[in-house]
């Protein structure tokens, strides 16, 4: 063999080893996410659905739970996708020739983006509908009962649903494109219609993030105030403990002497109220034992960090709006090749990259909190060891929609300069200037409005409570007057 042949074989062997190494790394990363998601879902599932007398229902629920675990692992991978890419770029810039990080390259990052996109399509379009129909199926009438009969019914229903959705997508794409080639490309299912359907789902997720993130940013302040111990100027724990003890004593007296009140009493409701007061008193006792550092330093620092992160997010979006008006390069776009380790994605270098990662995680947590705080999705909130299987499926679908839209959401708002890799940059609406500009303006306006309203209302309520104005006998006009019959009684 000639030297050229040996060189070609050496290159092929090197490429083969790189592909194997990337596959092993991707498998290990996904296995870690899968284990973490499985542990989380087992904490929320309802044990009665997995230990029923009917082994068939228990088997179906276990299969559906594994599919939900896979979907939730993909959602978590989509959340970590953009931060991992930003950190990897900074590591490659700082240590370009380090032997121990040769496995970290653009090919690996690009492969992870493609895998997340593929698994997101697979979960949203096939796995989660299959899991839902599988748990609701009972088998065709007249067929032999069993798990296999449920699988047949689920596959038939899923096939009919897929044909319906495919037809709707084909009609919608033909109307939007108004092109004869698009109407004749029905056989181009994988290259055109699945990405088009996922583009619509991603656009829905981005709109959902636009609504939920400002609401979640407003909820972060109230939730932090409930979790942390406030300074004595803003909170009187002694008075709350005395009030809780008095209320508990009054309810206990009613339970012990039910004949002392001429009105009929709901004993079960009274017992629940007593248990709630006891739990509240235990929490107040723990908060009273907090140190002076936690009381006087923890709460102000937490509130200051939340205010700085929220203000910084609005400032970055405002700057990005100005860049959109001036420079066309500020528009989000896709990038086919992952050229990492050449230039930093932030003007502040590594510090700016860390700030970008923190902001991305902060906005994702805020969006999830705002999602579960909205009245529309309040009933979907999971409960500890009391979440039905269909509710788990709904939560996994919603979290996957939110998380898979996070890279597009972050790039559209200008939180990072990293261009979208793989098929994430093929969305048609990303090139529309009016959509991107209005999206940035709406996010900045809604976030500022929620922040000002929540912050001013919280400060006003705390000042009223601190000065004792809430205990003044002021007339309240919101309550209806008592009727004459009630007054005579």
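Each Cβ is built from the backbone N, Cα and C atoms, and glycine gets one as well.
Annotation source TrEMBL lists transmembrane segment at 24-42 (among others).
Per TrEMBL, transmembrane segment is recorded for 63-87 (among others).
The annotation transmembrane segment is assigned in TrEMBL to 107-134 (among others).
Per TrEMBL, the feature transmembrane segment maps to 155-176 (among others).
Residues or ranges marked as transmembrane segment by TrEMBL: 196-223 (among others). Only residues 6 or more beyond the boundaries of the transmembrane segment (196-223), in the same chain, are considered here, and those with a CB under 8 A from a CB of the stretch are 117, 120-121, 124-125, 165, 169, 172-173, 303, 306, 310, 313, 363, 365-371, 373-374, 401-402, 404-406, 408-409, 412, 423, 426-429, 439, 442-443, 446-447, 449-451, 453-455, 458.
TrEMBL lists 297-322 (among others) with the feature transmembrane segment.
Residues 79, 82-83, 86-87, 89-90, 208-209, 211-220, 223, 309, 312-313, 316, 344-346, 391, 394-395, 398-399, 402-403, 406, 409-410, 415-416 of the same chain, all 6+ positions outside the transmembrane segment (353-380), place their C-beta atoms under 8 angstroms from a C-beta of that stretch. The transmembrane segment annotation in TrEMBL covers 353-380 (among others).
Annotation source TrEMBL lists transmembrane segment at 392-409 (among others). Residues 41, 44-45, 64-65, 68, 71-72, 74-76, 78-79, 81-82, 116, 120, 123-124, 128, 131-132, 135, 201-202, 204-206, 208-209, 212, 332, 360, 363-364, 367-368, 371, 377, 380, 382, 420, 424, 427, 430 of the same chain lie 6 or more positions beyond the ends of the transmembrane segment (392-409) yet place their CB under 8 Å from a CB of it.
As annotated by TrEMBL, transmembrane segment applies to 429-452 (among others).
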Next on the checklist: Can you work out which residues elsewhere in the same chain, 6+ from the ends of the transmembrane segment (63-87), have a Cβ less than 8 Å from its Cβ atoms?
Outcome noted: 29-30, 33-34, 36-38, 40-41, 45, 50, 109, 112-113, 115-116, 119-120, 123, 127-128, 130-132, 134-135, 338, 340, 345, 353, 356-357, 360-361, 364, 389, 392-393, 396-397, 399-400, 402-404, 406-407, 410, 416, 418, 421
